[in-house]
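Chemist: There's a structure below that I have some questions on.
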Amino acid sequence: MTRAHFFSQSSFDYLIVGGGTAGLALAARLSEQSQWHIGVIEAGPAALDDPVINVPGRYGEALGGPYDWQFETIAQPGLNGRALAWPRGKVLGGTSALNLMAWNRGHREDYDAWEELGNEGWGWDGLQQFFLRSETFHPPDEAHQKLHQSCYQAVHHGIDGPVQTIHPREYGPSHRFWHATLNAMGVESSPDSLGGCNSGAWNMVCTVDPHRQERSYAASAYYRPIQDRENLTVLCEATVLEILLEDHYGWTARGVKLRCNGEEFTVSATKEVILSAGSVQSPQLLELSGIGDRGVLEAAGIPVKIHNPNVGENLQEHMMTATVFELSADLTTRDDLLYTPAQRTAADDEYAASRTGPWTILPCSIAYCALSTLAPPDQVQTLNQHAETLAEETQDPHDALLARQFHPNSHRGQVEYLFDLGNWSPFFTPEPGNNKKYGTMLQMLQYPFSRGSIHIRPRRGSNEPATTVDESPIIDPRYYHGRGGHLDTEVMKLGLRFGDRICQKPPLASIIARRAFPAPNDDDTDRFVHDCTVTDWHREFSFIPDFYLSSCIH
């Protein structure tokens with residue numbers, strides 16, 4: 001019998017669909033109760049020892065490969081008809097195995113807004129204890145703090161959680177200019193970005209185990225230490241096809257149907273089925289199981305069990321642009337490491353021998369800037385009026401909360417900046433034989449008004465089979481679209497201009513020769529925003545409570 005056969009014949013109290021960032025944390029916590037048997041189903045493989053995932057400096061290499069679902073949006077009118085790749089982890093550990101290892105928190109007011117929308121206990125004060133519980137922070141010594149401005153406040157960090165976090169031991173050569181440049185522009189350095197105010201200039205805390213100098217993520221942090229628990233069973237490379245519901249005085253989830261190695265199985269849960277399949281596949285599986293908007297389900301040939309028009313709606317995504325600068329010729333960049341065989345071999349050897357060198361360096365120069373930093377007072381006031389008018393017209397609680405960020409006295413960072421050495425832009429390709437060095441300024445919109453949806457595809461005709469999990473869902477973020485799309489565009493344009501000013505300001509300007517992309521004489525920021533925006537990975541759905549389906553789907 002295959003492992004899937006054994007799994008399907010096991011008796012589970014809890015079934016967790018998705019062995020990703022949240023799913024493995026849930027599995028670890030639930031399996032602490034020895035009387036409960038926990039089952040986890042993950043579509044991707046276990047890749048616990050793959051250096052593509054584990055070596056910190058190799059971030060990004062797994063994108064577009066077998067550990068990535070390789071989703072794509074539909075063509076976006078707000079991006080002049082472009083579709084965007086949407087990376088999602090298809091591996092044990094989920095997208096925490098693919099990301100840039102940033103350990104960030106939002107502003108205190110962001111979490112308080114969740115609670116204000118009706119989610120009791122989800123404000124900053126209610127969540128902070130759980131933030132700390134998940135982390136073991138390894139603080140830098142005084143010499144490191146002085147050299148790199150790696151500030152921290154111990155009260156905002158955990159000391160015995162599963163995820164290992166650090167200020168990286170080594171930094172790239174541009175970081176020494178970061179804080180001084182931002183400070184000269186009126187942006188203060190943050191004493192600790194994890195303390196409820198992420199505004200200002202700061203160093204990114206990273207999810208890296210300092211002893212092994214390896215990525216600390218859901219699989220290594222939550223699963224590996226408890227993988228031998230007798231009451232925990234994980235089935236990898238198995239795809240859940242639907243959640244099995246029973247109508248007994250109301251719909252209740254009793255199990256799932258899955259496919260493994262071409263065979264289909266059903267697995268039951270006596271207590272709960274926990275859907276933890278991520279922002280793309282959670283709504284997809286709900287709809288394939290008959291939970292969603294009636295029109296969407298009927299168009300896909302799925303019998304309607306629970307009509308809920310909110311499933312898959314209110315999708316929000318941070319947008320990002322990348323401006324590329326030509327640097328001083330004497331600098332060493334990430335491009336040198338990636339594309340020069342001798343340098344890559346040397347880095348491999350150093351990392352293998354001592355866990356030091358370029359493969360331990362991560363992009364850590366961060367700043368969050370409020371609207372009042374990006375624009376003069378009269379422009380801030382105009383944008384504030386537009387945002388308040390939009391909120392009044394839509395009467396949408398999301399819009400009302402977003403409008404607060406446009407108030408002239410708001411200190412929340414509207415745009416995030418990250419500067420790193422190397423060409424990060426998918427739209428800029430240096431000429432062959434060009435030995436110039438490049439650096440990139442990323443601008444990321446933090447509070448978009450644009451909202452879209454994720455839904456299963458309709459079947460091609462009424463006589464065709466119903467839509468299945470093998471058909472990628474329709475991902476439509478509606479970037480820069482809808483009634484608030486113009487506000488998103490304007491803030492991104494402001495962000496681009498301020499990013500330029502950062503790179504023109506000493507001391508950072510001392511290593512920058514000129515802007516390479518867009519061209520130095522190209523000031524059409526509107527065109528650049530719509531032509532060159534890409535995803536920033538931080539997609540989320542509405543946090544307004546709607547309904548509670550029995551006790552078995554969360």
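Heads up, the Cβ atoms here are built off N, Cα and C, so glycines get one too.
What TrEMBL lists as domain 'Glucose-methanol-choline oxidoreductase N-terminal' is 89-112, 278-292. Here TrEMBL flags Val91, Thr95, Val240, Trp537, His538 as FAD binding site.
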Chemist: Hey, which bits of the same chain come close to the domain 'Glucose-methanol-choline oxidoreductase N-terminal' (89-112), Cβ under 8 Å, at least six residues off its ends?
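Modeler: For the domain 'Glucose-methanol-choline oxidoreductase N-terminal' (89-112), the sequence-distant neighbours (Cβ-Cβ under 8 Å, at least 6 residues beyond its ends) are 18-24, 42-48, 53, 56, 59-60, 62-63, 66-69, 122-124, 127, 131, 135, 163, 165, 193-194, 196-199, 204-208, 215-220, 223, 234, 236, 278, 362-363, 404, 412-413, 537.
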Chemist: Using all protein chains in view, find how many other C-beta atoms are within 10 Å of the C-beta of Thr95 (FAD binding site).
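Modeler: So the Cβ neighbour count for Thr95 (FAD binding site) comes to 21.
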Chemist: Long-range neighbours only, meaning 6 or more apart in sequence with Cβ under 8 Å: which ones does Val240 (FAD binding site) have?
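Modeler: The answer is Val17, Ile41, Ala43, Val256, Lys257, Leu258, Ala277, Leu285, Val469.
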Chemist: Please list residues from the chain of Val91 (FAD binding site) whose Cβ is under 8 angstroms from its Cβ, counting only those at least six apart in sequence.
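Modeler: In sequence order, Glu42, Gly44, Pro45, Ala46, Ala47, Ile53, Ala62, Tyr67, Ala97, Leu98, Ala219 meet the Cβ cut-off.
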Chemist: Using DSSP with the three-state reduction, classify Val240 (FAD binding site) as helix, strand or coil.
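Modeler: DSSP call for Val240 (FAD binding site): strand.
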Chemist: Using DSSP, how many residues in the domain 'Glucose-methanol-choline oxidoreductase N-terminal' (278-292) fall into helix, strand and coil?
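Modeler: Split by secondary structure, the domain 'Glucose-methanol-choline oxidoreductase N-terminal' (278-292) comes out as 11 helix, 2 strand, 2 coil.
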Chemist: Using DSSP, tally how many residues of the domain 'Glucose-methanol-choline oxidoreductase N-terminal' (89-112) sit in helix, strand and coil.
Modeler: 9 helix, 2 strand, 13 coil
